[in-house]
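Below: one structure, written as structure tokens.
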Amino acid sequence: MIRRWLTSRLYDAFLVCAFFVSAPRIFYKVFFHGKYIDSWKIRFGVQKPFVKGEGPLVWFHGASVGEVSLLAPLLNRWREEFPEWRFVVTTCSEAGVHTARRLYESLGATVFVLPLDLSCIIKSVVRKLAPDIVIFSEGDCWLHFLTESKRLGAKAFLINGKLSEHSCKRFSFLKRLGRNYFAPLDLLILQDELYKQRFMQIGISSDKIHVTGNMKTFIESSLATNRRDFWRAKLQISSQDRLIVLGSMHPKDVEVWAEVVSHFHNSSTKILWVPRHLEKLKEHAKLLEKAGILFGLWSQGASFRQYNSLIMDAMGVLKDIYSAADIAFVGGTFDPSVGGHNLLEPLQKEAPLMFGPYIYSQSVLAERLREKEAGLSVNKETLLDVVTDLLQNEKNRQAYIEKGKSFLKQEENSFQQTWEILKSQITCMKI
């Protein structure tokens, strides 16, 4: 009891310190980008969320857009088979909230930003909603949220779970903390065997762990719509043009690609730059200007009829817009401090996939993509040659598309396995 109390107090102190360290950056985003204005009351517990109706309640949580989006087939199936349940979906980012509202409010879900995980804030919210099941997407588990839910009798599951090498080392160093942090989870449904070994390394029993594969490979027909013609028309790309979509770009990715793009003087090669964070738009623009690349901004009505390069300064369109690509590159993979983003989205939109050397967040998936030749791993030295070859050889591009489709087909049973495990837990609960 004393140990748990001490752990809770130390955790609170850590969160408070982290907040003050991040405060200048937070206030900068508030005053210059208008972020967090709509969500601060919920975040700080000033305003409590309310869930309508009666019946058992399942609370889903994901860090941001990607983690929340992968819940779509799960919520749809849950609603079909267990219509008496109520849904809550939370996320830590405003972009995630917008995505969750678009996807889930029509299903009757209550969506809001997750309050801060300080014991004095989150515990009262958990007590008010009293969830019967809590489901964390991928790995964004919060200690007080989890432990208070368990104290009230909820079941807690991690789905599509993963644990990075960095996090594993950190929790291994503090093995007792790692065990205490994840031990309240009833089940951990993980992406692969490597993540299983990492969780076991920090003290989680193998009896709690299931490996089902990556749920992001699952495509429901409603989510797999390919809008290639729609986006190419909207971007004003002709049938002779070749489009490279550079998604989730960070400044270091831009630096590498700017050098390559400067070699393309052919007006039929179009480049769409999609920043990961819109607040870094000016930095991206300066890097392109420095490289002598002329570009337009989507928000200002620019199109590929006027420019060979466009910056897509709009949120929430990247996955859809991959469908217009002749080549797709996933950013964050030329920045060792980032380690990559979702490698599957281009495949789901039937675009040839490329990524850089830094893929810590999905290293196992990246290795399997390379083995199946469903994705191309490039570095600074090979990037220009690989891109040039793909642009000039339609057969090669089509071969990567077909291998990507085959890869997804082989992996798509991961959702069904995950659902069957969860369903067995739901049906045996006494609500």
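The backbone N, Cα and C atoms fix where each Cβ goes, and this holds for glycine too.
Taking Cβ-Cβ distances under 8 Å and a sequence separation of 6 or more, the neighbours of GLU67 (active site, proton acceptor) in its chain are THR91, GLY96, SER137, GLU138, ASP140. According to DSSP, GLU67 (active site, proton acceptor) is assigned to a helical segment. The active site, proton acceptor feature in Swiss-Prot is assigned to GLU67; the stated evidence is similarity to another entry.
Taking Cβ-Cβ distances under 8 Å and a sequence gap of 6 or more within the same chain, the neighbours of MET315 (CMP binding site) are ALA95, HIS98, LEU278. Mapped onto three states, the DSSP output places MET315 (CMP binding site) in coil. Taken from Swiss-Prot, the feature CMP binding site applies to PRO275, ARG276, MET315, GLY316, VAL317, ASN342, LEU343, LEU344, GLU345, supported by similarity to another entry.
Every protein chain considered, the tally of other Cβ atoms within 10 Å of the Cβ of GLU138 (site 'Transition state stabilizer') stands at 23. The site 'Transition state stabilizer' annotation in Swiss-Prot covers GLU138 (among others).
The site 'Transition state stabilizer' feature in Swiss-Prot is assigned to LYS216 (among others). Reduced to three states, the DSSP call for LYS216 (site 'Transition state stabilizer') is helix.
Only residues 6 or more beyond the boundaries of the transmembrane segment (5-27), in the same chain, are considered here, and those with a CB under 8 A from a CB of the stretch are 36, 116-120, 143-144, 147, 177, 180. What Swiss-Prot lists as transmembrane segment is 5-27.
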Quick one: pull the CA-CA distance for LYS216 (site 'Transition state stabilizer') versus GLU345 (CMP binding site), whole Å only. 8
Which number gives the other C-beta atoms within 10 angstroms of the C-beta of LEU343 (CMP binding site), all protein chains shown included? 24
Neighbour tally for GLU345 (CMP binding site), based on other Cβ positions within 10 Å of its Cβ: 23
Looking only at Cβ atoms, how many others are within 10 Å of the one on VAL317 (CMP binding site)? 12
For PRO275 (CMP binding site), the nonlocal same-chain Cβ neighbours (under 8 Å, six or more residues apart) come out as MET249, LEU281, HIS284, ILE311, MET312, ASP313
PRO275 (CMP binding site) in three-state DSSP notation: strand
